[in-house]
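Worksheet for the structure shown next.
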Amino acid sequence: MSQQRTSFIKQVPVKIQLSSTIFCYVVALRPRQWTKNLIVFAAPLFAFSITWQSFLGSLLAFILFCCISSSFYLLNDIVDVESDRRHPVKCKRPIAAGLVNIPIAIAMAVILLVSGLSFSWLYSPFLGTLLIIYAVVQIAYNLKLKQIPILDIIAIATGFVLRAIAGGVATGITLSIWFVLCTGMLALFLAVEKRKAELRLLKVRGGKTRSVLKHYSLSLLTRMESVVTTGALMTYALWSSGPQIKGASTPWMMITFPFVLYGIFRYQLLSDSQNIPTEKERTERPEEILLTDVPILLTILSWLIVILGILWLKQQGLIE
């Protein structure tokens with residue numbers, strides 16, 4: 001009995017170590033950033049084509065984007081390992097912290113990338129083409145574009161637009177041009193806010209980080225923020241009031257506009273908050289806002305409930 005207990009005690013640290021190692025590799029995939037891929041579900045939602053077929057198509061697109069995006073997160077962390085170690089926040093990432101074996105991380109990235117592209121092409125050549133374009137943009141971003149001012153922001157936004165289009169392709173739903181433009185403007189807004197938060201955090205904490213930040217200033221990013229915020233609100237208003245929205249009349253869909261307005265302003269409030277470093281670190285990573293800020297979470301939930309309610313009432317003939 002004592003021998004069994006001794007054997008059990010000896011095994012516990014090994015199991016804990018194994019669990020800790022697996023956890024580090026999972027964290028290296030950045031599952032929190034998978035929230036960005038939820039935009040693939042927008043196509044069936046706004047077309048009110050909420051069926052099992054459309055859900056499964058969107059779910060497949062979501063999984064494929066998670067695989068491919070995680071592969072590039074791994075590759076990006078490998079390429080930037082030295083600069084990340086000098087970064088006040090990114091130094092805690094598993095690869096930068098030395099908690100993940102780099103050769104194994106490379107193998108994981110290759111497997112995720114190849115499997116994601118292969119399955120997407122088998123499901124739909126058009127979807128596969130979009131994911132290949134997404135992969136090319138990510139490769140270009142990791143190798144060069146992230147070092148070129150303006151193009152780095154556009155590359156980040158392009159990833160969101162490709163996700164939105166892929167959601168329509170995976171479900172066979174045609175997206176309106178205003179929806180695509182609105183997605184692009186909102187993505188540009190998030191990208192500008194990300195750079196702005198990085199720059200402000202750099203000024204507070206100092207140290208060396210991504211080289212592209214030396215080309216930006218807070219005044220420039222603030223002006224860019226104003227442009228993309230205006231563009232996002234205008235394109236959303238045009239999209240929500242347009243006849244291209246299946247099943248919803250113009251005046252009722254405009255009810256959702258205040259939610260979008262508040263969400264954008266709330267995000268800007270957090271970005272400019274004096275609560276350093278917590279808010280700056282969160283706006284440097286947009287997925288943190290979506291997962292942790294209660295007012296924004298409630299705003300998104302309310303926005304979805306109102307949209308679903310309007311579309312359902314319209315389908316039932318209760319409103320026009």
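Just so it is clear, glycine is given a Cβ too, placed from its N, Cα and C backbone atoms.
Unlike curated records, TrEMBL annotations are generated automatically.
Noted in TrEMBL for the protein shown:
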TRANSMEM  50-75  transmembrane segment
TRANSMEM  95-115  transmembrane segment
TRANSMEM  121-141  transmembrane segment
TRANSMEM  148-166  transmembrane segment
TRANSMEM  172-192  transmembrane segment
TRANSMEM  213-239  transmembrane segment
TRANSMEM  251-269  transmembrane segment
TRANSMEM  290-313  transmembrane segment
Criterion met for the transmembrane segment (50-75) and the transmembrane segment (148-166) (at least three Cβ pairs under 8 Å): yes
Intrachain neighbours beyond the transmembrane segment (213-239), with Cβ under 8 angstroms and 6 or more residues off its ends: 149, 153, 176, 178-179, 181-182, 185-186, 188-189, 192-193, 195-196, 198-200, 202, 245, 254, 257, 260-261, 264, 268
